[in-house]
């Protein structure tokens, strides 16, 4: 796939598209402008679509990704030294706001591998989680722990693969990420026609998901119980949770949520307590822990004004008997309660303090 340079003729408008004497406004039609702004190609299946509708459309309304790339030659000329495979071209991405993308010029067979993905190697402890890391891929060890990250955010480390955008849904995905050895490759998961944008995301199979080992026998069990576990309600949630963890198969609707969840399996703990240096995999867990040092109790009961450092403590308190309306059936068969003791307020305060202390020891639910 690799080895050729972006052809020079792709950087200028074809003479057939611009008649002598026409102004630039007459060449860049409303259709071209609409495609540039909203990333919608009129001809997503190549020249065949234009041939079928040649009696309805003019050459200005049926164009390919290559023609559009030529129309915005000023943008592409900055990348004239970028090494591109002969089978692809760089043009405006079909995803709004994502800049340039990579499109196929010819048919690309299913199973075609592209790569390796290049960039600087970053250790897990040196990753800045506050930055946008969308040009970064994980490389895993055989035991599923993160070995390092490959970061292509710096221009001197970028290759043509950097401009391949992430798919937003299963329907538009045509590439998947695979790990071969300690290198990252993109693999075509279907036959890709000309003038289609290459869009990548994680593969559904745990065998191709960055080389993470799967759970032995899990795939066979899933096939066996496929019809038993199917529920119509679950199918509606499928598209929203298409990004699945290959360890526990939980679905997520964003790449950042999936990465955050993966720290549970990889034991990566980037969040450090400034008081005791204890490490946590989730920022929310760290916030709850820090409150034990600071004494902060932001969760307050509106009935008795008792305060708690964690939401779980408040919810446990609200479920206690004094927050429930008395049951008539229970009152009819229950013995009479003794009269309130003089020290009842002190005992109630002690009970509330004990409940708060117990809440501190409740195991945190990590999702």
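Using the three backbone atoms N, Cα and C, a Cβ is placed for every residue, glycine included.
Owing to the predicted nature of the structure, the values given are computational and were not obtained by experimental measurement.
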Which residue range, 318-337, 338-357, is the one Swiss-Prot calls region 'Disordered'? 318-337
Taking every residue in the domain 'SET' (86-203), what is their average pLDDT? 87
By DSSP, what is the split of the zinc finger (299-323) into helix, strand and coil residues? 11 helix, 4 strand, 10 coil
For the zinc finger (243-265), residues assigned helix / strand / coil by DSSP: 11 helix, 4 strand, 8 coil
